[in-house]
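Read through the structure below, which is laid out as structure tokens, and then see the notes.
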Amino acid sequence: MAASELYTKFARVWIPDPEEVWKSAELLKDYKPGDKVLLLHLEEGKDLEYRLDPKTKELPHLRNPDILVGENDLTALSYLHEPAVLHNLRVRFIDSKLIYTYCGIVLVAINPYEQLPIYGEDIINAYSGQNMGDMDPHIFAVAEEAYKQMARDERNQSIIVSGESGAGKTVSAKYAMRYFATVSGSASEANVEEKVLASNPIMESIGNAKTTRNDNSSRFGKYIEIGFDKRYRIIGANMRTYLLEKSRVVFQAEEERNYHIFYQLCASAKLPEFKMLRLGDANNFHYTMQGGSPEIEGVDDAKEMANTRQACTLLGISESYQMGIFRILAGILHLGNVGFTSRDSDSCTIPLEMIMFTLPILQECYQIQLKHPKHEPLSIFCDLMGVDYEEMCHWLCHRKLATATETYIKPISKLQATNARDALAKHIYAKLFSWIVDHVNQALHSAVKQHSFIGVLDIYGFETFEINSFEQFCINYANEKLQQQFNMHVFKLEQEEYMKEQIPWTLIDFYDNQPCINLIESKLGILDLLDEECKMPKGTDDTWAQKLYNTHLNKCALFEKPRLSNKAFIIQHFADKVEYQCEGFLEKNKDTVFEEQIKVLKSSKFKMLPELFQDDEKAISPTSATSSGRTPLTRTPVKPTKGRPGQMAKEHKKTVGHQFRNSLHLLMETLNATTPHYVRCIKPNDFKFPFTFDEKRAVQQLRACGVLETIRISAAGFPSRWTYQEFFSRYRVLMKQKDVLSDRKQTCKNVLEKLILDKDKYQFGKTKIFFRAGQVAYLEKLRADKLRAACIRIQKTIRGWLLRKKYLRMRKAAITVQRYVRGYQARCYAKFLRRTKAATIIQKYWRMYIVRKRYKIKRTATIVLQSYLRGYLARNRYRKILREHKAVIIQKWVRGWLARTYYKRSMHAIIYLQCCFRRMMARRELKKLKIEARSVERYKKLHIGMENKIMQLQRKVDEQNKDYKCLMEKLTNLEGIYNSETEKLRNDLERLQLSEEEAKIATGRVLSLQEEIAKLRKDLEQTQSEKKSIEERADRYKQETEQLVSNLKEENTLLKQEKEALNHLIVEQAKEMTETMEKKLVEETKQLELDLNDERLRYQNLLNEFSRLEERYDDLKEEMTLMVNVPKPGHKRTDSTHSSNESEYTFSSEITETEDIPSRTEEPSEKKVPLDMSLFLKLQKRVTELEQEKQVMQDELDRKEEQVLRSKAKEEERPQIRGAELEYESLKRQELESENKKLKNELNELRKALSEKSAPEVTAPGAPAYRVLMEQLTSVSEELDVRKEEVLILRSQLVSQKEAIQPKDDKNTMTDSTILLEDVQKMKDKGEIAQAYIGLKETNRLLESQLQSQKRSHENEAEALRGEIQSLKEENNRQQQLLAQNLQLPPEARIEASLQHEITRLTNENLDLMEQLEKQDKTVRKLKKQLKVFAKKIGELEVGQMENISPGQIIDEPIRPVNIPRKEKDFQGMLEYKKEDEQKLVKNLILELKPRGVAVNLIPGLPAYILFMCVRHADYLNDDQKVRSLLTSTINSIKKVLKKRGDDFETVSFWLSNTCRFLHCLKQYSGEEGFMKHNTSRQNEHCLTNFDLAEYRQVLSDLAIQIYQQLVRVLENILQPMIVSGMLEHETIQGVSGVKPTGLRKRTSSIADEGTYTLDSILRQLNSFHSVMCQHGMDPELIKQVVKQMFYIVGAITLNNLLLRKDMCSWSKGMQIRYNVSQLEEWLRDKNLMNSGAKETLEPLIQAAQLLQVKKKTDDDAEAICSMCNALTTAQIVKVLNLYTPVNEFEERVSVSFIRTIQMRLRDRKDSPQLLMDAKHIFPVTFPFNPSSLALETIQIPASLGLGFISRV
């Protein structure tokens, strides 16, 4: 078929576009040869006329079918061209969020600029061991392929990671190394893989920097060789580096940074150990401030510094060397701040003081000290470097020129000095970089011989910028070499494939870039001319450019000259044309450093600095910079003094280009000697936006990295390749029945000859069919047309059937509707007639009611009007009378007031007149007296008789003095009287004032009362009026209430109905509440079960880790024994497993109590290693404690033996007394045994009473059963106390009798016990009295202690009663409060509250009863333990007495037949063996017993029964050593068997069932009532009597857990190869899913070939497992747990592979999975295992299959998916939707918007972010008690076991 025939209507093509590079369009009409224009319809809705090129007449590229879009391998596309590749990558990256894609042998990795959860350890485990084509593309798949080919082909491998800056090369290389470190592990305990990974942070800190394209850009290339030993485990690594970008040390562009290590140092400058470096902020230094971006968002430089230092420590770089590195780096920073000042144009100097920088912050680092006139930065640099300041200052401003005759010292200009300073800084950094690489290689070097290696090459990709210089030239030169090697490798693979399939090989034309490489590196090439120009004394960039033009221009097609420049040249590289600027080429190639400056550094006192400049042979390892080809832009090797100066100068002049060319040749030799694997990293955009795809940038990189070249080479031949079986399976629909032959190859040939007429379009190989490009698309079109026609026919038939069915359904529905409508109309008419009649009656009564009501209203209104009118008239009359009466009173009071005022006014006037007259008369008399006083006569008259008067007056004075004294006395008396009177008066006055105030208050009250009376009168009037109105209203209300009565009656009936409904609702609510409570209880129990399972899982994980450590310890011991060549004579090693078992036994005994399966609480731990070490140390500590306890017990045993020997000697002296004592003690023992039996019976009755309780009230406090229980318990405790006292008294009496009775002769030996007792009673000497007195004293003490204990118990009871009274009071108060609150609530809420209260009360009572029951159980267990202790002590006493009696005594004393055990004649179910036969027993029964041999014909669990019967006999003999030895040997032997044959399923299953049976036997015959209730009476007689083996039961339980985990591992190893093939790849339903076209990476075929696992293989294996377990007699519950674990493994592995395989996520594959799951469920039904929980473990897989089949379009579909997929995590759901791939054209892809809708709906779901299920997870196992009905006495031992030395007892 011609290619032009595919350009038909609706065919889709790609056309060029300036913005999107390629744009999709659709043909509007068929293309015919000769057409010059194509009518196209673009996707955005526009029509376009696309003109064909008239010269080439090339048609646009055809677009691939939709089912091929998004393929894992680009070579699987039918049309291989640039737009198809670009579109496929874009769909995978944007829509499916897949960053990896195969392109033949190349892995294309697109940087997502986002952290993705696809690099965890679970993903590594998923890819480990898988073929590269079986899983989705991943860097781990490439790493696994390299690792697998290294092991399979025994050939070294290389992974070449390339790409431009920011594409993710470093990350890809890092993940590849992490994969090798995780999968392979290390061959030693030195953790080499950790060191390999630790080299990454060191190299990133010194070799990576922030650029405009990448925040962590690698500025050097590196090739890391990871070495492996013969077992392919990592033993070491080696690193080579290439072309370090030294210019970055001294210059950074805008928004870029220097190397990370400088900023890390500045961020950590405040650390105390860094103070000597005198650092500060990064903006303080010239070398770190130029880019203006000292920080990276989201990166903590101080934290990164700590990581770097930690990595250095891990790699063995000591602290002193680390500080040396930091000193050198700090010196470089300070060197950058050294400034120069010009003297003239040709010389400069360093200022003595610090140059004032524009930034004031620099003053923080440098403080000018006038006392020391030195340049501060240079001074710090010299101090750090340990060099002389003056010398360094001199040679920074001068240089030495040597001629043939003499040497000159010449000053240099400021610019030259600055350049020399920068060159020195670059040179020091390059040397330091090289030194660090050497030390890293030394740390990664291994002494073990390297068998093979895998190299990881992380190298820069093709670069082209606006200005390209020497660095870009070297980088592109290296990429030319790598591309040539890549092209040759691809070409070689294609040739091998064609030759393998015996297809005629035609030479494929591919781009050979050898001419470009010759242009660069051949003789007179660019590098040669550059080196030659560097040797010229006056060589410049311009002269070199002219030489290039003269040599290559117009002679080499790949070399061009720019039109507008004479200082540039253009090279046509394989990726693109690149223009290089010649400026700086010579200087960078020479990389000049002044030798005098280097000599100054070599003379440093700082020891580390001269090491950097040592001879290359001494300082640089074979894999370091020089040999590896890393070109540090300066190489100034210093030869030893013995060397010739000419040779040194010659070496010194080796150029950078020459070094780089040599290192590149060495790299290519290494790569050619290995099998390469290619990873091409693509940068999707320049803005670091996550999941943003820029088509232009992507196409540039695809062209540059060779991906499109790979596509072109593949497309030139036969890119599509199918096996005959795959072709037949896919295109069977295109064949007719007669075309199908038995020979698939011939069938395919016949069909292809009919379908494709041009035979050049395909070729038939041995196993495959090869197609040209586009032929698969044509076949897919034919297949789709055939399927479409079939679908149309099916749709036609089904739609007709559906419409007929719909019509019949509608007709039937119409008839039904008519019948119901007519009946409804008839009912409506009858209802209308009834309503009409009822309405007439209602109208009659209503009209009568209206008339009567109107009459009553009128009558009532008339009466009201009359009453109001009459009242109004009466009130007016009353008001008139009252007004007249008030007027009279007012007149009376006014007239009286007028008369009184007139009288007062008259009296006032009269008194005033009298006063005026009397004043006038007094004034006249005064005037007369004044006149008389002025006259002389008056004086004379006055003086007459004056003397007489004086004398008289004197006498009067004397008399008055006397009178005065008398008066004074009277006055004092009167004062006292006056004071008392005044006090009385004052009191009276106060009383009067109070009375006055009261009177005032009273008057105020009177006034207020008067006012109130007035108000009350008014209110009375108002109330009277209101009363009348209220009465009127009451009448109306009465009438209204009478009317409402009828309504209320009706409402009452309704309320009754509502009440009944509410009661019914309350009952339902109560039921619902009980149901909810039950549900809550069920949920709580489920949660408790989950917690218990978690604790079991943690404990079992601990056991697993312990067993792993134990095995490792045993292996180490074996290795140690193997390392010892000749053992020492006589040295015998003890059994190591004994101590380990003891430690295991004691550790478990400390944790658990004597119960069936106790739960353990272990703290969860995230890290396994610390948990293992803590457990190991704990066990080691426990072992030492046990050894100490063992020594103490041994000492005690020796002491007891000595006491027994002494007591035997004493007993021989006094046998008579011993006989009496034994007799007396035997009697008391019998009494105690009888009492113990009574107590046991009472305890059994108590248990029955507790188990037969019917309601919580039975066991409530105060109930009859409770009182009986308490009485019985108190009586039991009293009886026990009495028995204790009797035992004490007996012991005291026995001791007293021993001391009192003296030894007598042997002749007086008493044979009759009665005679001895009579003699004892007749003894009345003083000794007896003293002993009796002592006994009474002891009795009194016992009685006092009893009284005190009873007193304490009574006090405790009283206190408890008080507490109960207080609690009852509180409860009463609470009940009253609740009652008051309930009374305030409405009826509905009251009922609900009462129900809630009742539920809480019952719950609290139940909890109290449960607590009491637990206390009673504890008391019962305590009593049982006490009884056991007493019985054991009595038994020991009896045994000790029997041992101390000689055989002669037993013969001579026939009166003691009670103490001699009586043997039963029948078989007791015990086996006796000798101590020395124990190893033979263990060997025959455990070590050499084979499940497939002798054990097949045995009773299930026979070894367990035999071992238990041996334990029973040891228990019967009370031989604890024998019991311990047998159990220890058994456990250790089982461990040895499982260690030796642990990979055999039958062996592990056999010993798991026998261990469980042995554990059940120990429980069944332990004597505990919980286990004895399932036994027969005969079996109860076989219970153990002397030893409690509960702790050994725990040890056996732990052993069973370890065996179970080993069984699960064996199951997993057997099932794992079958699961993916049988559950996913094999087509159980043939023809449902066709095989899609695949690329170069072929997946495992889904067709069932020989050796391919199918679902039947899995089912057969499951049947085998189940039959073996049943044959071995494994417990049914344990079988269910094993099956559950198997199904979990199947589901987890299947789902994990589904999540990692895009080709498996389709609708048809979902149907296959569901069918396979249904087959597994059918297997469960056949085996009656549906209740095992195995089906639930497949729920995630079932939901994933349903997710593949449901609709995925609308919001309703999203809601359905969210509710359906509750067992899948959000990450898993989104992953399945992203991977969903249509197999046929009828299916549609899942849109991005739908996936986002799912994510939005599931964002609140809290689930694990982990993508894959943990396939290694093991459910916690339990061993439910399963008693055996087999009687021990009926077991027969077969002779085939070789146990003839065992005898039945």
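Each Cβ is built from the backbone N, Cα and C atoms, and glycine gets one as well.
Because TrEMBL annotations are produced automatically, they should be read as predictions rather than curated entries.
Quick look at what TrEMBL annotates:
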BINDING   Gly163, Glu164, Ser165, Gly166, Ala167, Gly168, Lys169, Thr170  ATP binding site
COILED    936-1126  coiled coil
COILED    1176-1252  coiled coil
COILED    1344-1433  coiled coil
COMPBIAS  621-634  compositional bias 'Polar residues'
COMPBIAS  1137-1151  compositional bias 'Polar residues'
COMPBIAS  1157-1169  compositional bias 'Basic and acidic residues'
DOMAIN    8-60  domain 'Myosin N-terminal SH3-like'
DOMAIN    69-784  domain 'Myosin motor'
DOMAIN    1528-1804  domain 'Dilute'
REGION    619-652  region 'Disordered'
REGION    664-686  region 'Actin-binding'
REGION    1127-1169  region 'Disordered'
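The structure, with features from TrEMBL marked on it.
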residue: Gly163; record: ATP binding site; contacts (Cβ under 8 Å, 6+ apart): Ala109, Lys169, Gly461, Arg680, Cys681, Ile682, Lys683, Gln701, Cys705
residue: Glu164; record: ATP binding site; contacts (Cβ under 8 Å, 6+ apart): Arg213, Tyr460, Gly461, Phe462, Glu463, Cys681, Lys683, Gln701, Ala704
residue: Ser165; record: ATP binding site; contacts (Cβ under 8 Å, 6+ apart): Thr211, Arg213, Asn214, Ser217, Ser218, Tyr460, Gly461, Glu463, Lys683
residue: Gly166; record: ATP binding site; contacts (Cβ under 8 Å, 6+ apart): Asn111, Thr211, Arg213, Asn214, Ser217, Lys683, Lys688
residue: Ala167; record: ATP binding site; contacts (Cβ under 8 Å, 6+ apart): Ala109, Asn111, Gly461, Cys681, Ile682, Lys683, Gln701
residue: Gly168; record: ATP binding site; contacts (Cβ under 8 Å, 6+ apart): Ala109, Asn111, Cys681, Lys683
residue: Thr170; record: ATP binding site; contacts (Cβ under 8 Å, 6+ apart): Glu204, Asn208, Asn216, Ser218, Asp458
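Beyond the ends of the region 'Actin-binding' (664-686), by six or more residues, the same chain brings 89, 93, 103, 105-113, 139, 142, 145-146, 149, 153, 155-169, 172, 176, 213, 223, 240, 242, 455, 457, 461, 477-478, 481-482, 485-486, 489, 627-629, 692-694, 697-698, 701-702, 705-707 to within a C-beta distance below 8 angstroms of the stretch. Per-residue pLDDT, averaged across the coiled coil (1176-1252), gives 57. Across the domain 'Myosin N-terminal SH3-like' (8-60), DSSP helix (H, G, I), strand (E, B) and coil residues number 0 helix, 24 strand, 29 coil. With a 10 A radius on its CB, Lys169 (ATP binding site) counts 27 other CB atoms from all the protein chains. Within 8 Å of the centroid defined by the CB atoms of Gly163, Glu164, Ser165, Gly166, Ala167, Gly168, Lys169, Thr170, the record's ATP site, lie the Cβ atoms of Asn111, Asn214, Ser217, Ser218, Gly461, Cys681, Lys683, excluding the listed residues themselves. Counting residue by residue with DSSP, the region 'Actin-binding' (664-686) contains 9 helix, 8 strand, 6 coil.
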